[in-house]
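*Asks:* So Swiss-Prot has the following annotated:
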| type | residues | note |
| --- | --- | --- |
| BINDING | Gly13, Gly15, Lys16, Thr17, Thr18, Arg109, Lys148 | ATP binding site |
| REGION | 33-56 | region 'NMP' |
| REGION | 33-56 | region 'NMPbind' |
| REGION | 108-118 | region 'LID' |
Amino acid sequence: MLLPNILLTGTPGVGKTTLGKELASKSGLKYINVGDLAREEQLYDGYDEEYDCPILDEDRVVDELDNQMREGGVIVDYHGCDFFPERWFHIVFVLRTDTNVLYERLETRGYNEKKLTDNIQCEIFQVLYEEATASYKEEIVHQLPSNKPEELENNVDQILKWIEQWIKDHNS
Ligand code: ADP
Ligand code: MG
């Protein structure tokens, strides 16, 4: 059976992991968190002193995931999207969160002042939305509000419906 691949992207804290895990458990699709994968497999290429974090080895991430992505049925979660092959994804969701809400979520995570400011700016300047529309066909890129539990529920329902329809359309 053919199954779609879905990308969930957006600024850290917008709710990608929450949505991705819930979607996976309700749809049976596989959930992959690229940050976790990189940590487990040490897919790094150097260290960023300014941001105090390891630098992702994007080529090795792509190599690591390519077979699974070819098989289909994968939900990918990452706060970046310009290095994935365009052919991987059938649909791309950019989660969006209001500044005040995002600020509280990141503060709860214990981010320092610089990391907080950088991520809030990233959301204000819609960096991930621009990156997504520059990297994928505009008609497959969708923004989703991600501020309240009702929005999460609504996003889950809408995406489950989309998955169901995609499967029907591609397996008849
Ligand atoms: P990301 O994976 O994008 O960094 P998370 O999924 O870890 O974001 O979510 C960050 C925080 O925001 C978590 O505490 C999560 O419970 C909360 N959250 C995510 N989506 C929503 C939503 N739609 N409404 C309320 N809280 C949310
Ligand atoms: Mg996450």
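Using the three backbone atoms N, Cα and C, a Cβ is placed for every residue, glycine included.
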*Asks:* Could you say which of the binding-site residues Gly13, Gly15 has its Cβ with the most other Cβ atoms inside 10 Å?
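*Replies:* In terms of Cβ crowding, the pick is Gly13.
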*Asks:* Out of Lys16, Lys148, which of the binding-site residues is least crowded by other Cβ atoms within 10 Å?
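*Replies:* The binding-site residues Lys16, Lys148 were compared, and Lys148 has the fewest Cβ atoms within 10 Å.
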*Asks:* Quick one: of the binding-site residues Gly13, Thr17, Thr18, Arg109, Lys148, flag those whose CB is under 6 Å from ligand 2, and say none if nothing qualifies.
*Replies:* Thr17
*Asks:* Which number gives the other C-beta atoms within 10 angstroms of the C-beta of Thr17 (ATP binding site), all protein chains shown included?
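*Replies:* Excluding its own Cβ, the number within 10 Å is 16.
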*Asks:* Between all pairs in Gly13, Gly15, Lys16, Thr17, Thr18, Arg109, Lys148 (listed as ATP binders), what's the biggest Cα distance, rounded to the nearest Å?
*Replies:* 18
*Asks:* Would you count the other CB atoms within 10 A of the CB of Arg109 (ATP binding site), including those on all shown protein chains?
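*Replies:* There are 12 such Cβ atoms around Arg109 (ATP binding site).
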*Asks:* In this predicted model, what is the average pLDDT of the region 'NMPbind' (33-56)?
*Replies:* 95
